[in-house]
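According to Swiss-Prot, the protein has these features:
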TRANSMEM  18-38  transmembrane segment
TRANSMEM  41-61  transmembrane segment
TRANSMEM  74-94  transmembrane segment
TRANSMEM  161-181  transmembrane segment
TRANSMEM  228-248  transmembrane segment
TRANSMEM  249-269  transmembrane segment
TRANSMEM  270-290  transmembrane segment
TRANSMEM  314-334  transmembrane segment
TRANSMEM  337-357  transmembrane segment
Amino acid sequence: MSASLDDASVAPLVRKTAAWAWRFLVILAAMVALLWVLNKFEVIVVPVLLALMLSALLVPPVDWLDSRGLPHAVAVTLVLLSGFAVLGGILTFVVSQFIAGLPHLVTEVERSIDSARRWLIEGPAHLRGEQIDNAGNAAIEALRNNQAKLTSGALSTAATITELVTAAVLVLFTLIFFLYGGRSIWQYVTKAFPASVRDRVRAAGRAGYASLIGYARATFLVALTDAAGVGAGLAVMGVPLALPLASLVFFGAFIPLIGAVVAGFLAVVVALLAKGIGYALITVGLLIAVNQLEAHLLQPLVMGRAVSIHPLAVVLAIAAGGVLAGVVGALLAVPTVAFFNNAVQVLLGGNPFADVADVSSDHLTEV
């Protein structure tokens, strides 16, 4: 009796708010627990996600070779070997260009330092040479005083390299299995779901993976265009290390909106040191032009409906990923959102296969 009286005394709005509140708290607690588990197994989760992203980029050529009658194992092997050959060739060429262009950059930097020193002495500042030398000596002394920290940083870098090598091996191992038997793996994983929803979950996975394929293809084309534009501009201006800087822009462009800009900042610094403030400002204008071309033409054209994410969601996802997992988190944030955006739409839809009907079934056979 008292319970019913108590319920009757509570306003309906309060009861509904309380019901939603405890459900929200349960969902929030589950998300926190999931993030905690992912953080504990980061050394496994991150390589698996990277392998999934790489598989989305490599599945289309594997499917193309399959459609030409090549055995699946041969197609996977050929695509992987071709990818390694292209990546190794690019890295070798970039490193050789960096080594060849470094002396010229050092010469230009020394010339810029001499020009700045003359300006500080002869310009409005009217500094004495002794003052500038003392400032340089103070900087050298500060480096010596922090030598222990720099040494420990080098040791931690060595440990990081070991972790990176281990992660790279795990990525390669996982990637091979995703390319060779991704569909079987996904079919096996979905057996954990009840039979009544199993088909819908499988369709959601296919839709999410289709968005990953679209995202990987579009991001690769955008990154290639950004790198070509920036590299060509730097080469025309005669900025040293144009090709290595363009390569940094290419890899940075895989983090949407901010990656290419952050990588391009280094190009601005090199242009400033090597060619002066005028060329640095031109480089800034070049980066802005490339960024506008990417935002208003390339991304809407090449991504299309496969990755329809609001720009605010992209920014928030990158920020959250960066806070949770650093650069890797920022790299994986947007494709993760793209995956769940399509997958959830299919899970909530009436026909689990409607949203993936327009995607080539060949591209989905690896999920």
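Each residue, glycine too, has its Cβ placed from N, Cα and C.
Same-chain neighbours of the transmembrane segment (161-181): 43-44, 46-48, 50-52, 54-55, 58-59, 62, 72-73, 76, 79-80, 366, counting only residues six or more beyond its ends whose CB sits under 8 Å from a CB of the stretch.
Using a cut-off of 8 Å between Cβ atoms, the transmembrane segment (270-290) and the transmembrane segment (314-334) share fewer than three residue pairs, counting only pairs 6 or more apart in sequence. Scored on C-beta pairs under 8 angstroms, the neighbour of the transmembrane segment (228-248) with the top count among 18-38, 41-61, 74-94, 314-334 is 74-94. Here the listed stretches are 74-94, 249-269, 314-334, and the one with the most C-beta pairs under 8 angstroms to the transmembrane segment (41-61) is 314-334. Within the same chain, the transmembrane segment (249-269) stays apart from the transmembrane segment (74-94): fewer than three Cβ pairs sit under 8 Å, each pair at least 6 residues apart.
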